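**Q** To start, I am sharing the structure in question, which I have written as structure tokens.
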Amino acid sequence: MSRVLLKNGRIYDEAEQQWVQRDLLIQDGLIRQIGTKIEQQQVDQIDLAGKHLVPGFIDMHIHLREPGFEEKETIETGSRAAAKGGYTTIACMPNTRPVTDSKEIVEQIVHTAKEVGLARVLPIGAITKRELGRELTDMNQLKKAGIVAVSDDGVGVQSSRMMKEAMREAHRVGLPVVAHCEDESILVKGASVHDGQFARKYDLKGIPSEAESIHIARDILLAEDIGVHYHVCHISTAQSVRLVREAKSRGQKVTAEVTPHHLLLCEDDIPQPDPMYKMNPPLRSRKDQQALIEGLLDGTIDFIATDHAPHTLTEKAQGMELAPFGIVGLETAFPLLYTHFVCTGKLSLQQLIERMTQKPADCFGLPWGRIAVDMSADLTLLDLEKEEAIDPATFVSKGKNTPFSGWRVKGWPVKTWLAGTLTWNQ
Ligand SMILES: NC(=O)N[C@@H](CC(=O)O)C(=O)O
Ligand SMILES: [Zn+2]
Ligand SMILES: [Zn+2]
């Protein structure tokens, strides 16, 4: 019987709606007792005085790149990056090679992730075979193998008929449809940034807002009668927020996530054409950024997901048009958001934590994301006073592609427990 006693941590008390000092006893991977003073003989004790103990973070949108792109990331390096960033649960997208469209690949991911043991890895299966948009995957079989949702992330499902069939099938087998929303018929080849001020200034080809919002509007209409849980990936425009808000107000089961970078940055913040600022969807206008923040505050946007998208520096050095889209996020999400949203008074600490823990858990029906007796001891310890500059050289992820290099931020995770076992200890 393994037992650990965590002493004097600051824990959020739901009933009192405030942070209180508590002891917490972990036994066999579960939270067994929470109290003002727990006395136990012969247990390992850790003193957490002055630090905040929160539920392990949950990221429903990341890329682990294994199998197929191990030079960018592996299940092991991605899981370690998650643990370092305070995450205990991560859902990985299926744009691997081969694509996660068969039960063999799902089983392989689940198996490797368990062996690594640094994070709970929830695979997301493809909507269509090879993400080509032509033929549905066997969602029922993929679900049995362990997927928690379907998505063709990396590309949008172009055919409305295919999307409708996918929604029917996903609903039948009980899986959410997690949509990367991008209408290719409105895109120009070689577009790398938002179709706005920055694109015009540097004469770059732009990605219009409607590329995203047209798909969201279409999908909300398609999902209406089917009743499937429809989830919008990395929402980035004011139009998109408006569409999701309207659907929610009618009671439709539509949810949405936003990334830290879309909350923190807009096109005006890009100093010059630099692939470290190239991601899909792109950084939009200041007005879009404001709409995302409002959407996160009023609940239109349910939670925060990093869309951790590691690429090699060689790939990123190819220039604006050729470099791949995507930036890493797992190791910097919390301190960035804490510094720029909590320290500035836009969100309370608990509001931010909820959007990284219980909200994603509730959206996807996951039994984690809360500190309570009998729950799995998935925990993160935060040092809100610890201030450091972001340095990609210190990342444990293989991906060093971030636009936040050099940003001084505070509120770093210092310890992470997955089912009572330390997965990060600083
Ligand atoms: N977000 C990105 O810019 N890139 C993602 C794909 C995706 O999330 O659409 C990737 O796989 O690199
Ligand atoms: Zn995507
Ligand atoms: Zn993604």
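Along the chain as shown, residues are numbered 1 onward.
Glycine is no exception: its Cβ is also placed from the backbone N, Cα and C atoms.
Remember, TrEMBL labels are computer predictions, not curated facts.
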**Q** Going by the Zn(2+) 2 site in TrEMBL, where D153, H180 are listed, which of the candidates H234, H261, H262 is also part of it?
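**A** TrEMBL names H234 for this Zn(2+) 2 site.
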**Q** Suppose a student reads TrEMBL and sees H61, H63, D153 listed for Zn(2+) 1. Which of D298, D302, D307, D362 should they find annotated at that same site?
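**A** It is D307, as the record lists it for that site.
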**Q** What is the set of residues, excluding D153, H180, H234, whose C-beta falls within 8 angstroms of the centroid of the C-beta atoms at the Zn(2+) 2 site?
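**A** Near the Zn(2+) 2 site, the remaining chain residues are H61, M93, S151, G154, V178, A179, C181, C233, N280, D307.
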**Q** Give the sequence-ordered list of residues that share a chain with H234 (Zn(2+) 2 binding site), lie 6 or more positions from it, and have CB atoms under 8 Å from its CB.
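**A** When sequence neighbours closer than 6 are ignored, H234 (Zn(2+) 2 binding site) has H61, H180, E257, V258, T259, H262, N280, P281, A305, D307 within Cβ distance under 8 Å.
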**Q** Return the residues near D153 (Zn(2+) 1 binding site), defined as same-chain residues 6+ apart in sequence whose C-beta is under 8 angstroms from its C-beta, sorted by sequence, else 'none'.
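**A** Residues satisfying the criterion: H61, M93, P94, N95, I124, V178, H180, C233.
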**Q** What same-chain residues, at least 6 away in sequence, bring their CB to under 8 Å of the CB of R65 (substrate binding site)?
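**A** Same-chain residues close to R65 (substrate binding site) (Cβ under 8 Å, separated by 6 or more) are K72, E73, T74, G78, T96, P310.
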**Q** Helix, strand or coil for H61 (Zn(2+) 1 binding site)? Use DSSP.
**A** strand
**Q** Looking only at DSSP and grouping its letters into three states, which state does H234 (Zn(2+) 2 binding site) belong to?
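**A** For H234 (Zn(2+) 2 binding site) - judged by DSSP and reduced to three states - the answer is coil.
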